[in-house]
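So the structure is just underneath, and the comments pick up after that.
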Amino acid sequence: MPFYRRSAGSPAGHPLSRLLVLSGPSGVGKDTILREVRERHPGLYVSVSATTRPPRPGEVDGRDYRFLSAAEFEEWIATDDLLEWACYVGNYYGTPKTPVLERLAVGEPVVLEIDVQGALQVKNNFPAAMLVFIRPPSLEVLAERLRSRGTDAPEAIERRLARAREELALADRFDHQVVNDKLAAAVEAVERLLFEEIPDEPAGG
């Protein structure tokens, strides 16, 4: 069952009401939650973001990210081929526009997993999109998760935590917030938001 969410000024059943944006601080568990949801719903379309950062071990181009050169990414910016984009720690990140709009045009739900500023860009451009903020139980728990990944130097972790504080201050601008304390509960919460159907309002309502 597809999800439908109504935003101010967006009619029920509007194609863009099928656009869900999942966001939250780095290390909060967005990837894990989304992977679990996709295992339960293999046909769910999740947009593949583009980036200029180098691939991490095990990442595959076209599956985890579209890995581009800076020149290629800047060409996409110039030709308006991105729904949103940002530069973080010297690397570009963004969402290719065409695949998302093609899916929405034929009535398929689409999920974006992007950073907080990108999510707010999408909401500004597409008010019918539903924003879901994944938050940690505490900053202390988030710090431990970042350290346990073993992919960042201590200085980089501190930068990520500083950014997390800024992003948490924006959480109230999202339509929904989910605390990733127990993974199973967080997955179920996101799944309910994805596949909950909201009926049309009565005429004149």
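Counting starts with 1 at the first residue shown.
Placement of Cβ uses the backbone N, Cα and C atoms for every residue, glycine included.
Here Swiss-Prot flags G24, P25, S26, G27, V28, G29, K30, D31 as ATP binding site, drawing on sequence analysis. Annotation source Swiss-Prot lists domain 'Guanylate kinase-like' at 17-195, citing sequence analysis.
Counting other Cβ atoms within 10 Å of each Cβ, the binding-site residues G24, P25, G27 show the lowest value at G27. What surrounds the ATP site, by Cβ distance within 8 Å of the Cβ centroid and not counting G24, P25, S26, G27, V28, G29, K30, D31, is the set I134, P136, L142, R145, N180 from the same chain. All protein chains considered, the CB of G29 (ATP binding site) has 22 other CB atoms within 10 Å. If you draw a 10 Å sphere around the CB of V28 (ATP binding site), it holds 26 other CB atoms from the protein chains shown. Secondary structure at G27 (ATP binding site), as computed by DSSP, is coil.
Looking only at the binding-site residues K30, D31, the densest Cβ neighbourhood within 10 Å occurs at K30. Residues near S26 (ATP binding site) in space but far in sequence (CB under 8 A, at least 6 apart, same chain), listed by position: L146, R160, R163, A164.
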